[in-house]
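Structure record follows, encoded as structure tokens.
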């Protein structure tokens with residue numbers, strides 16, 4: 001039944017043990033890296049467990065816990081270089097991914113997200129109307145007693161961010177009071193919002209959908225009540241939305 | 001529906017970091033220096049305007065504008081060093 005389920009998961013679920021489904025190349029890379037590292041992790045766990053088990057059970061009959069060996073040049077070289085190699089094999093893809101994710105090369109639009117106690121404020125300053133005004137709105141969580149059928153508790157907001165798909169976006173993240181954190185699991189974004197500092201990150205959303213994230217830096221009493229909601233729509237619909245604002 | 005052009009400040013080799021604070025601030029300074037030197041109709045100044053407009057939070061810009069009006073803006077907006085060069089060129 002699980003295999004037949006083609007719904008993509010963009011929200012936290014009870015007992016969710018794995019990532020939410022990815023919507024950006026960055027998140028794809030993160031899942032790939034996770035799987036790679038997990039492979040080495042399982043191999044090492046198996047190997048070490050086997051050795052330990054072997055030593056405990058066949059102590060007198062095994063070559064592994066040879067009790068008269070006081071110094072062994074060869075074995076020392078092996079147990080030094082082998083873990084070092086494993087660490088390198090894990091570290092290199094990790095660094096590659098880190099620097100790729102850090103890169104914001106040619107974004108097509110900028111969205112500013114400002115964290116406040118306890119809501120988010122978004123600005124789309126690339127778009128300026130005739131009066132010289134830009135799009136700027138605040139996004140509050142919908143409280144539990146006002147939730148409508150189908151809305152998600154502690155996740156839905158009154159005015160979500162609307163993003164075009166297949167468009168390079170730059171997020172400028174900052175805060176106005178204390179440190180917040182702009183985290184979107186499906187997009188592979190998690191970036192601190194620090195007062196007085198502008199952090200940039202990018203996203204290329206590859207499928208339409210509604211994505212949810214939460215503030216991920218303890219910012220006060222209502223830390224759990226300032227979720228982030230992104231609606232990814234086609235470019236045409238996005239421009240129509242911009243027009244409405 | 002109005003025509004839109006998806007355009008935003010691109011990569012700047014002076015600010016390759018994740019921290020874009022200086023990118024915003026420098027563009028704000030550059031714009032006001034540019035306007036003081038060339039006048040607000042000078043087209044190339046608009047590049048700076050678009051950059052800080054897209055990067056700086058609205059509150060910051062408002063705050064700085066207020067400070068400039070009151071004459072307490074802490075940034076360096078002096079244009080004398082540039083003036084000399086343009087005059088020398090004319091000569």
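First residue shown is number 1, and so on along the chain.
Here the Cβ of each residue, glycine as well, is placed from N, Cα and C on the backbone.
Taking Swiss-Prot as the reference, the stretch among A:2-26, A:77-101 described by the feature transmembrane segment is residues A:77-101. Swiss-Prot tags one of the stretches A:37-56, A:57-76 as transmembrane segment, and that stretch is A:37-56. The Cβ of residue A:223 (Cu cation A2 binding site) has 17 neighbouring Cβ atoms from other residues within 10 Å, across all protein chains displayed. If one looks beyond the topological domain 'Mitochondrial matrix' (A:57-76) by at least 6 residues along the same chain, the residues whose Cβ comes under 8 Å of a Cβ in the stretch are 51. Sequence-distant neighbours of residue A:215 (Cu cation A1 binding site) (same chain, 6+ residues apart, CB-CB distance under 8 A): A:115, A:118, A:120, A:180, A:181, A:182, A:183, A:223, A:224, A:226, A:227, A:228. Neighbouring residues of the recorded Cu cation A1 site, listed in sequence order and excluding A:180, A:215, A:219, A:226, comprise A:115, A:117, A:118, A:120, A:175, A:181, A:193, A:214, A:216, A:217, A:220, A:223 (Cβ within 8 Å of the Cβ centroid). Comparing local CB density within 10 A for the binding-site residues A:180, A:217, A:219, A:226, the maximum falls on A:180.
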